[in-house]
Amino acid sequence: MPRELMNFSGVHRICKLVVLLCFLHISVTLIFYVITFVLRPTILQKHQYSATGRRNSTARPYASATNVTSAATAAGRDDDGGSKGPLLAVSGGGGPQPTAAAAAGDDERVTLGKCPQTSPLLVGPLRIEFNTPVSLEHVTKENPDVRPGGRYTPKDCIALQKVAIIIPFRNRGEHLKFWLFYLHPILQRQQLDYGIYVINQGGTESFNRAKLLNVGYTEALKDHDYGCFVFSDVDLIPMDDRNTYACFDQPRHLSVSIDKFGFRLPYYQIFGGASSMSKEQFLKINGFSNNYWGWGGEDDDIYN
């Protein structure tokens, strides 16, 4: 056999081996990518609870057709608790709670500890889009862990805060579906003990957002001993689940960066959209003023 042919055969075998190694490298890289990014929440959760022996579970949100919240609009505010136009997106201390216990066998019971200050389930930036319609049936099916009335309590730890989310509402049915679709998963990944209250104003008279928020505060406390209250317009959805819907040492504006405004404050004193206050802070300012009818004013009054 000619020497040139023998050399070519050897080179051919070497090339085949290199191609095979490249294929294996690409396969391993793809598998690593899937594990790292697609299964990230599950991996983080297992890591969080393996050291304490607690039962692992992935938070799965739920929505009820009643006593739940909404999301919706962007350009030009109207008197129905939102704004006219496409949906907006937002970038982004309750009292003591009883000790909880979960079954860990036939007779054994495990006492749960407090949830961490920063939830290990958070995933960061989110893709928010409104092109695909959402139904309440779909939201309910995808979120089996929230109890009727829009209430949710973490299973694997005791939430640091009990949060009531108050939504002033009128004629925003489609927006409500989107809010539920996005917010229930976010709130559960934040490991909050929360309830959602949609406060509807009937009739066609001027909208009074502030009065609806005061009603929501009062009605929520009839249900549970909430220590934190989040007041949100129907048209705001966080773009990052690290924007925690909880309370802090001072009242907090939760919608300081909105896509409609180019992710900048339209003016420095704004405190509308979405904000949080503890029960003590709300009582100290005596709630919202009931005197603002129609567009705006009540949020700037709170700032002052």
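Counting starts with 1 at the first residue shown.
Using N, Cα and C of the backbone, Cβ positions are placed for all residues, glycine too.
If you look up TrEMBL, you'll see 17-39 marked as transmembrane segment. According to TrEMBL, the region 'Disordered' annotation covers 49-102. The compositional bias 'Polar residues' annotation in TrEMBL covers 49-59. The compositional bias 'Low complexity' feature in TrEMBL is assigned to 63-75. Look at TrEMBL and you will find 115-247 tagged as domain 'Galactosyltransferase N-terminal'. Residues annotated as domain 'Galactosyltransferase C-terminal' in TrEMBL: 252-304.
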For the domain 'Galactosyltransferase N-terminal' (115-247), jot down how many residues DSSP puts in helix, in strand and in coil. 39 helix, 28 strand, 66 coil
PLDDT averaged over every residue in the domain 'Galactosyltransferase N-terminal' (115-247): 94
